[in-house]
Amino acid sequence: MAKTYSAGVKEYRETYWMPNYTPKDTDILACFKITPQAGVPREEAAAAVAAESSTGTWTTVWTDLLTDLDYYKGRAYAIEDVPGDDTCFYAFIAYPIDLFEEGSVVNVFTSLVGNVFGFKAVRALRLEDVRFPIAYVMTCNGPPHGIQVERDIMNKYGRPMLGCTIKPKLGLSAKNYGRAVYECLRGGLDFTKDDENVNSQPFMRWRQRFDFVMDAIDKAERETGERKGHYLNVTAPTPEEMYKRAEYAKEIGAPIIMHDYITGGFCANTGLAQWCRDNGVLLHIHRAMHAVLDRNPHHGIHFRVLTKILRLSGGDHLHTGTVVGKLEGDRASTLGWIDLLRESYIKEDRSRGLFFDQDWGSMPGAFAVASGGIHVWHMPALVTIFGDDSVLQFGGGTLGHPWGNAAGACANRVALEACVEARNQGVAIEKEGKDVLTKAAASSPELKIAMETWKEIKFEFDTVDKLDIAHK
């Protein structure tokens, strides 16, 4: 029988709540944490989110008859309690893949975290996880190069890489900035880095910074015989300016550039990743602004989702937190999104906050970057937590060394190599780390001084965004 139009307002659950639906392999699946308004039933709130993030609007419209609404609509198919919190619940929603433009994380986010987050039917809403089917993953280019290609480019194997963010982050002249880069690379680091807010300010224009940094890299490479790099931040006011800076970095021989993927935008990031792939340049990604989106446990976007989006959009490195440093990061959750960044197939694991299986197919992984308030005493834990496919970045933990930048870099290199050697010999370095470092410091005065300088420095603040109680 032909469908007929009936004007008016219906409850969302009449159309979008489908508890008997079995998700398809090609569906994009989302888990939302919903805090409904008082008096709104869970099924109605879940259906409202499914509607507003897919095909629905506040009233029936006659143009629904011009399409197959039953095919295109999002479907709220399951509800679960949030352990330890009866003010909210988990809603699982399935979206047909045809709702989204191929290869466009911009389009995915416009639907999943668009107008629905201002919806009056809910008091708070958080996107906890997304399952991207392999059919969608294959439409995205992902990391420009990936872990193995980067190791081959940099000729570094069998250990984490070492980095350092140049400090003070703002105010240095280009010449003094280049001097700091040289000292750190000459001292033993693999990479140095622009801070996320270093772009092209009056005290240091981008072109002068790029030139002095490349002079520093070339000199450090000649003296050490090792490949070196510096993350030249090409984030800019416009895409045109961003590509202009990227082209110049390539022209002068820079092996790696950098982008602030959230503040710079997903469209810009996807385009830059494609440029890096085409031009043989590595891409470091900073997550500036992520905590605005992911730190509130009831509203926003969980960082595991931002990790997945970055892997689809493209980047060879991503800052992931440190667990042990100054920045937010629960250990189990952090290990979960590190796997999402690096591994090919990740199983659902609620103990690590992973709500879905995720298959990346042959898409390469990216390096996890640990950065923020770390020093040599953290090295055993960092090597244990992050493993070899990571970049451990010590900013103040390098530049704050009493003997200067080169000594700070040397201390970190000695500590890293001691921990990797001990680990390879079967030592439980996270437990025996003090002994490992003390032994190494006996033949490294730089490490000994670093250990004395930072032995009392800890960041023992409770994590705000924890895993829900019963998931641990």
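Placed from the backbone N, Cα and C atoms, the Cβ positions cover glycine too.
Listed in Swiss-Prot for this protein:
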type	residues	note
ACT_SITE	Lys167	active site, proton acceptor
ACT_SITE	His286	active site, proton acceptor
BINDING	Asn115, Thr165, Lys169, Arg287, His319, Ser371	substrate binding site
BINDING	Lys193, Asp195, Glu196	Mg(2+) binding site
MOD_RES	Lys193	N6-carboxylysine
SITE	Lys326	site 'Transition state stabilizer'
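Positions of Swiss-Prot features highlighted on the structure.
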| residue | record | Cβ contacts under 8 Å, 6 or more apart |
| --- | --- | --- |
| Asn115 | substrate binding site | Glu52 |
| Thr165 | substrate binding site | Thr192, Lys193, Asp194, Asp195, Ser371, Gln393, Gly395 |
| Lys167 | active site, proton acceptor | Asp195, Gly395, Gly396, Leu399 |
| Lys169 | substrate binding site | Asp195, Asn197, Val198 |
| Glu196 | Mg(2+) binding site | Asn233, Thr235, Asp260, Thr263, His286, Ala288 |
| Arg287 | substrate binding site | Asp260, Tyr261, Ile262, Phe303, Leu306, Leu310, Leu318, His319 |
Original post:
Which of these recorded positions has the least crowded Cβ, counting other Cβ atoms within 10 Å: Lys193, His286, His319?
Top reply: His319
Original post:
What is the biggest Cα to Cα gap, in Å, among Asn115, Thr165, Lys169, Arg287, His319, Ser371, the residues listed as binding substrate?
Top reply: 37
Original post:
For Glu196 (Mg(2+) binding site), which DSSP three-state class applies?
Top reply: coil
**OP:** Show, in sequence order, which residues other than Lys193, Asp195, Glu196 on the same chain lie with their Cβ within 8 Å of the centre of the Cβ atoms of the Mg(2+) site.
**Re:** Thr165, Ile166, Lys169, Asp194, Asn197, Val198, Tyr231, Asn233, Met258, His286
**OP:** State the count of C-beta atoms found within 10 angstroms of the C-beta of Ser371 (substrate binding site), not counting that atom itself.
**Re:** 24
**OP:** Tell me whether Arg287 (substrate binding site) sits in a helix, a strand or coil according to DSSP.
**Re:** coil
Original post:
By a simple count, how many Cβ atoms lie within 10 Å of the Cβ of Asp195 (Mg(2+) binding site), its own Cβ left out?
Top reply: 18
**OP:** Please classify the secondary structure at Lys169 (substrate binding site) using three-state DSSP.
**Re:** coil
